[in-house]
Amino acid sequence: MTLKCEELLAFALRIAEQAATMMQQARETKAFSADYKADHELVTSTDLAIDRYLCGEISAAYPSHCILSEESSPNLLLGEAPTWVIDPIDGTVNYAHQHRHVAVSIALYVDGQRFLGVVHAPFLEECYWAVKGQGAYLNGARLKLTDTVSLRNALVATGFPYQKNALEPLIKRVSNVLHQCQDIRRNGSAALDLCWLAAGRLQAYYESVKPWDMAAGALIACEAGAVLGRYDDVTSDWPLEINGDALLVCVPSLYEPMQQVLALD
Ligand code: IPD
Ligand code: CA
Ligand code: CA
């Protein structure tokens, strides 16, 4: 399939910027409400408004493409058509609590592979993007990881699920990381964790997340030179390229050491 890469990237950057503006405006005017969609899982009216905006723009511009969206189509199966994978707000809890670590995440998969990714964080004034094989960028500057790092000076990010029924292994892994690495961060946006890894501010990231949390950030991290693998078994049915189970993304030299740190014996 011939896809116009520059046109697609320009489109994704444009709708991400508008989504970012919507986030800012709703926060400035306090024009949003928050609700729970599951036990502990928050959703705000801004998540839903941005979802409607993004889906409308994508359907109008690319009617033959599919959309896998956290808020409106989370069960879509990846088929043959190019598929947009969107998280209208990654970092909803941060957003609701006036924190700055919040982003819109937009990815495009083609033939089941990551093709482009945009992560725009309005309160940090950072827009990350990558196209497969063409590198990763932050506000127009190319990102390239340096890999002179040991476990001892690795800053490691992770996150915790909304469901609180299986915390024991998580806590064991956090304990291992605290004992063997420099420190740990729980910043509240998986998409930004992956981008901050790409920017060299973190050296490893691990967590089990959903496809929309990781789709764009995974491409951005890999295009900056990170490796992507697993620290445990994949248990959900998503195809691997889009599967966020037991994700371990880090600078190449830390991949095996981090697998050992995260192994539970
Ligand atoms: C969440 C964030 C968080 C991660 C959670 C995600 P949301 O996404 O990415 O960092 O730890 O697993 O669900 O709910 O803010 O879109
Ligand atoms: Ca998310
Ligand atoms: Ca979200």
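Placement of Cβ uses the backbone N, Cα and C atoms for every residue, glycine included.
Binding of Mg(2+) 1 is annotated in TrEMBL for Asp87, Ile89, Asp213; the matching candidate from Glu57, Glu70, Glu125, Glu241 at the same site is Glu70. Look at Asp213 (Mg(2+) 1 binding site): DSSP puts it in a helix. Asp90 (Mg(2+) 2 binding site) sits 7 Å from Asp213 (Mg(2+) 1 binding site), counting Cα to Cα. The secondary structure of Glu70 (Mg(2+) 1 binding site), as reduced to three states from DSSP, is coil rather than helix or strand. Other than Glu70, Asp87, Ile89, Asp213, the residues of this chain whose Cβ falls within 8 Å of the Cβ centroid of the Mg(2+) 1 site are, in sequence order, Asp47, Glu71, Ile86, Pro88, Asp90, Thr92, Ser105, Ala191, Lys210, Trp212. Neighbour counts were taken at the CB atom with a 10 A radius for the binding-site residues Glu70, Asp87, Asp90, Asp213; the maximum falls on Asp87.
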